[in-house]
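Below you'll find the structure, written out as structure tokens, and then a few comments.
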Amino acid sequence: MVGEEKMSLRNRLSKSRENPEEDEDQRKPAKESLEAPSNGRIDIKQLIAKKIKLTAEAEELKPFFMKEVGSHFDDFVTNLIEKSASLDNGGCALTTFSILEGEKNNHRAKDLRAPPEQGKIFIARRSLLDELLEVDHIRTIYHMFIALLILFILSTLVVDYIDEGRLVLEFSLLSYAFGKFPTVVWTWWIMFLSTFSVPYFLFQRWATGYSKSSHPLINSLFHGFLFMVFQIGILGFGPTYVVLAYTLPPASRFIIIFEQIRFVMKAHSFVRENVPRVLNSAKEKSSTVPIPTVNQYLYFLFAPTLIYRDSYPRNPTVRWGYVAMQFAQVFGCFFYVYYIFERLCAPLFRNIKQEPFSARVLVLCVFNSILPGVLILFLTFFAFLHCWLNAFAEMLRFGDRMFYKDWWNSTSYSNYYRTWNVVVHDWLYYYAYKDFLWFFSKRFKSAAMLAAFAVSAVVHEYALAVCLSFFYPVLFVLFMFFGMAFNFIVNDSRKKPIWNVMMWTSLFLGNGVLLCFYSQEWYARQHCPLKNPTFLDYVRPRSWTCRYVF
């Protein structure tokens, strides 16, 4: 519809340019009729009608004009970024044209693995929500969430006062979830110090001795084996053992496991980005070995990115008020989630546990879990991907704040996966998807996409299994099977608004399914414990067979 109106508008404009005389002749009678006096006066009604008509035409033209201007501006900025990237490192970087020419001559293209400067390009930019919250209409939605939090607090206080006869300000759920926090602290310090020292020491030792070694391949395999032992043995099994041996509560487990995954990904990126530089230096017989400094590696360990670079765009100053505001919002989101569980989830599952497991109970549970599930989704996104990452970016003067894009406008799941979490997506894209294509040939794009999905799904399921103390692969099934299917079926060719509605509907339903199934399983294991559980008892769903006893 818009396209037809746009074409008709262009046709009218082109006709007016082709026949200026006819157009002028047509305008003259109208002008004369407008200026013709009626009893010595201009027809005011006709003048007002003409003005209203011109205003309506201008309003019709306005969206087309703004859309054209926005399109041209986006093209201009994109071309500017591409030119800037091609001129990086004083013009020494490979251009897109040269890479494409090389690919024609070498189908496997293993020698054309892009050097670090040709991967992700970091530029100074603000987070999207920081820009949107400057608009009054968007900020009102933010205020609505704050008002909802106030109502949750009032509801909890009033109900507790009626039940207990006094104001109850105990946060028992929070204190339980974050229990045994000293264990979390010393475990994190061990993970950090080992990640800071071992990968850097191994890489430095390998890089300095590679060109001098008489057996460079054996030397590389030996150091690579030591690095894998560190990644799998120390960072892999160490934190997991602490979490299980000390029986930490869920939130404390999440902190350790997420930090474990973050350190593994950062160590991999550091080695992956710097090894090609050393190999190229040895091939060119350079006198200097490109080894990053300790300060550069330390900055990367805290920077809100999983892609290593020697330097990043930096802001000139730190806005400490902005940092304090971001951390305050993170703590506000924690309390928000607490009240959601307290007012929406706990009453729901208290009633569910009084009924035997059935299809009716399951369906009601899923649909009743949609609202709290969606609220938790929004709060998790806002607290971590916006507030937490922006707080550390501001403290480190890290310039590139594009931690997410406008995922809420997605009309396809492929676009949603790319824009929901840009930080993790970049790592998966360059080190799972692109490296798979580089190693196995660029003809297996579907297999490379499947590999990236598999890595993400397995890591998510591992985190949930360890943190909840049971294996219940609901997320894996939704992500690996339904997510993969939607990624191919509902692809980027779907642009109509109805697909955005479908995306939101399935996202809401999926979050309801996750919250319902995992909460049911959690309550079932609390109320139907086994005396001597075997390994199969940890992977067999307890909620399917548990009958609650009171």
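Backbone N, Cα and C define each Cβ position, glycine as well.
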According to the record in Swiss-Prot, which candidate from Cys467, Cys546 pairs with Cys528 in a disulphide?
-> Cys546
Looking only at what Swiss-Prot records, are Tyr161 and Ala432 on the same side of the membrane?
-> no
Surrounding residues of the topological domain 'Lumenal' (161-180) on its own chain - C-beta under 8 Å, 6+ positions past either end | 246, 248-252, 334-335, 338, 341-342
Sort out the residues at least 6 away from either end of the topological domain 'Lumenal' (469-474), same chain, that have Cβ-Cβ distances under 8 Å to it, and list them.
-> 244, 461, 513-514, 517-518, 521-522, 525, 538-539, 541-542
Helix, strand and coil residues within the topological domain 'Lumenal' (469-474) as assigned by DSSP | 1 helix, 0 strand, 5 coil
The transmembrane segment (320-352) and the transmembrane segment (444-468): do they have three or more Cβ pairs under 8 Å, with pairs 6 or more apart in sequence?
-> no
Would you mind splitting the topological domain 'Lumenal' (161-180) into helix, strand and coil residue counts from DSSP?
-> 10 helix, 0 strand, 10 coil
Among 139-160, 219-244, 320-352, 370-395, 497-528, which stretch has the highest count of C-beta pairs below 8 Å with the transmembrane segment (181-206)?
-> 219-244
Contact call for the transmembrane segment (497-528) against the transmembrane segment (320-352), three or more Cβ pairs under 8 Å | yes
